[in-house]
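For reference, the structure discussed in these notes is given below.
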């Protein structure tokens with residue numbers, strides 16, 4: 001018995017020594033990993049601080065520039081409202097209406113049964129104009145008791161400028177996540193501000209729906225970028241998924257054209273799904289957001305007939321049938337089903353609108369002068385070729401790596417990079433055809449280009465192609481990913497920083513006396529039963545400044561209002577057509593027959609002519 005006891009005691013001592021040695025090894029590993037973890041935390045903290053700082057500085061810049069450009073604080077109320085151009089003043093009219101209502105509930109009730117805006121019609125303005133931003137901002141203005149602290153107009157534009165800060169912060173994070181360095185985020189913000197005429201409309205039309213909605217879309221793209229990344233934890237993946245769900249729903253609610261944008265994004269994800277690079281449950285984000293928005297937006301019929309829903313249904317059917325077909329066959333089948341389900345895709349914009357024309361040469365010249373376009377082409381070519389190589393290897397039966405190292409030189413195997421390649425190609429194709437869609441493309445050109453020049457993996461991919469041997473490729477890739485953005489940033493600072501400062505220091509005087517005179521005449525001289533017709537942009541200003549009913553609205557999602565706009569806005573479309581007759585707006589000013597039989601001029605100045613439709617037609621020859 002004694003030898004057995006001694007043997008068991010010796011075994012316990014060996015186990016205790018082994019456990020102690022293992023604990024010592026774990027302690028050493030923890031101590032060795034502590035500096036790395038601390039370095040990573042510091043890096044993330046500095047990046048987040050830089051992202052938030054860039055966003056806040058951009059909001060301050062917008063506020064200062066807006067004050068200098070329009071001399072806003074010194075203007076009367078009507079002159080301030082005239083600065084809301086492009087028909088955007090109509091949205092601010094409803095914001096004022098909500099503040100003047102006896103209660104928030106009463107204001108919502110009046111907007112859902114609005115019979116004082118469009119002549120002869122009662123419309124649900126909340127549904128048709130997507131007035132949820134005005135409802136939320138007016139409710140927030142009431143709740144925080146801002147009546148004595150800030151004017152309603154300053155609160156309104158302040159909320160919009162705050163959303164623009166969120167916009168550039170999301171672009172910063174998007175480029176940072178892909179490149180791994182917050183320097184790419186700062187370069188993204190710099191390019192975004194420099195190319196501001198082609199990245200945002202907030203300079204001249206603050207209340208437009210896209211100024212409210214696109215910040216949510218930017219957050220959604222940033223969350224999608226993190227979700228597709230293979231180097232995140234499960235908790236981070238869940239956070240990105242929830243953020244995608246919230247921002248997708250908010251984007252749909254804020255803008256009536258959002259489902260078209262999400263449709264283009266859905267096509268990119270469908271192509272990723274072809275190679276099993278997208279988790280299957282990502283489609284639930286779009287489907288749940290779309291159905292929830294349909295319920296909360298008074299069962300808007302356009303959401304049930306939108307191309308996004310057709311794409312989702314086709315993708316789900318193809319996924320079910322993928323059990324019997326290959327992934328490529330199921331994707332081709334989903335595209336076929338999409339064509340069948342997609343019965344009616346009307347852009348709902350007047351073809352004579354400026355935003356529906358192709359961009360001019362000045363657009364590409366501005367992007368080239370800011371150095372973003374040349375580097376974008378180079379980055380896109382490298383990523384696109386690497387992506388094509390990845391697709392070829394995937395079709396050849398080679399399995400993709402779970403995580404791609406920098407030394408591999410395969411930047412096209414990263415799902416988030418493939419998505420952004422498809423994203424920029426699809427939206428770029430739209431921007432080449434329609435000038436109005438450049439605001440969906442240019443901001444992500446800035447983010448994608450900044451990621452490329454700051455990413456060592458992109459340079460390593462190029463060096464793998466050329467089989468660089470004279471210098472160690474990893475070292476050279478790290479050097480170039482630091483030196484190139486530094487040189488770009490220095491050149492941008494030297495050329496554009498003085499211009500930005502001059503914009504903030506020079507006081508510009510925006511004054512439109514002809515429009516002010518027209519609005520004052522309408523308020524003082526127009527009959528109470530008068531109804532005004534004209535271009536949709538002008539009618540939005542008329543409704544905001546005078547409150548008089550109009551024949552149509554600057555809204556292109558309602559077929560009846562669109563037909564009204566086409567009927568009464570002949571002068572806009574005539575410049576894009578050819579006819580043997582003279583332009584109506586030119587001929588009527590000559591006071592020749594037969595125009596004088598039907599119209600009588602009652603007001604005119606250098607910019608506007610107002611005619612009354614004769615109730616009794618007198619034929620003059």
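The backbone N, Cα and C atoms fix where each Cβ goes, glycine too.
Among the features that TrEMBL reports, region 'Disordered' is placed at 1-21.
For 44-65 (among others), the entry in TrEMBL reads transmembrane segment. Tertiary neighbourhood of the transmembrane segment (44-65): same-chain residues 157-158, 161-162, 164-169, 172-173, 176, 182, 185-186, 189, 193, 202-203, 500, 503-504, selected by CB-CB distance under 8 Å and a gap of 6+ residues from either end.
Residues annotated as transmembrane segment in TrEMBL: 153-170 (among others).
The transmembrane segment annotation in TrEMBL covers 176-194 (among others). Within the chain carrying the transmembrane segment (176-194), a Cβ under 8 angstroms from the stretch's Cβ atoms is held by residues 43, 46-47, 50-51, 54, 58, 61, 168, 222, 225-226, 229, 370, 372, 414, 416-417, 420, 443, 446-447, 449-456, 481-482, 485, 488-489, 492, 496, 500, all 6 or more beyond its ends.
The transmembrane segment annotation in TrEMBL covers 238-255 (among others). Non-local neighbours of the transmembrane segment (238-255) in the same chain are 130, 132-133, 209-210, 212-214, 216-217, 219-220, 223-224, 226-227, 232, 261-262, 282, 285-286, 288-290, 292-293, 296-297, 303; each lies 6+ residues outside the stretch with a CB under 8 Å from one of its CB atoms.
Summarising the annotation, TrEMBL assigns transmembrane segment to 302-325 (among others).
Per TrEMBL, transmembrane segment is recorded for 371-392 (among others).
Under the heading transmembrane segment, TrEMBL lists 417-435 (among others).
If you look up TrEMBL, you'll see 441-462 (among others) marked as transmembrane segment.
Under 8 Å from some Cβ of the transmembrane segment (474-493) lie the Cβ atoms of residues 181, 183-184, 186-187, 190-191, 194, 370-371, 375, 406-407, 450, 453-460, 463, 468, all in the same chain and six or more residues away from its ends. The transmembrane segment feature in TrEMBL is assigned to 474-493 (among others).
Listed stretches 153-170, 417-435, 441-462 were compared with the transmembrane segment (371-392); the greatest number of C-beta pairs under 8 angstroms is found for 441-462. Long-range contacts of the transmembrane segment (153-170) within the same chain, counting only residues at least 6 positions beyond its ends with a Cβ under 8 Å from a Cβ of the stretch, are 51-52, 54-56, 58-59, 62-63, 66, 77, 80-81, 92, 95, 137, 140-141, 146, 188-189, 192-193, 200, 202, 206-207, 211-212, 214-215, 218-219, 221-222, 443. With a cut-off of 8 Å between Cβ atoms, the residues of this chain six or more beyond the transmembrane segment (417-435) that come close are 178, 221, 224-225, 228, 264-265, 267-269, 271-272, 277, 354-360, 363, 380, 383-384, 387, 390, 411, 441-442, 444-445, 448, 451.
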